Amino acid sequence: MQVFYGLLLMFILCSTIHLSEQWCSTCLDLACGASRECYDPCFKAFGRAHGKCMNNKCRCYT
């Protein structure tokens with residue numbers, strides 16, 4: 001039973017790390033002050049003009 005809980009814990013940790021890597025795949029290393037500044041760079045990078053300025057960096061929604 002302890003082996004099961006150990007494997008479950010490892011699975012949860014690996015899933016969390018994998019999800020955090022996916023979140024940053026849509027972040028652009030571009031300084032911004034407003035969301036409208038992210039529309040053109042997001043369109044050029046991902047083909048969709050869906051973006052938002054978060055923590056002074058552009059985050060694109062694909």
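Each residue, glycine too, has its Cβ placed from N, Cα and C.
Within the set Cys14, Cys60, the cysteine that Swiss-Prot bonds to Cys42 via a disulfide is Cys60. Counted within 10 Å of its Cβ, the other Cβ atoms near Cys32 (disulfide bond) come to 19, all protein chains included.
Of all the disulfide-bonded residues listed here (Cys27, Cys38, Cys42, Cys53, Cys58), the one with the fewest other CB atoms within 10 A of its own CB is Cys27. Around Tyr61 (site 'Aromatic residue of the functional dyad'), taking its Cβ as the centre, 12 other Cβ atoms fall within 10 Å, counting all chains. For Cys32 (disulfide bond) paired with Cys58 (disulfide bond), the C-alpha to C-alpha distance reads 6 Å. A distance of 9 Å separates the Cα atom of Cys42 (disulfide bond) from that of Cys27 (disulfide bond).
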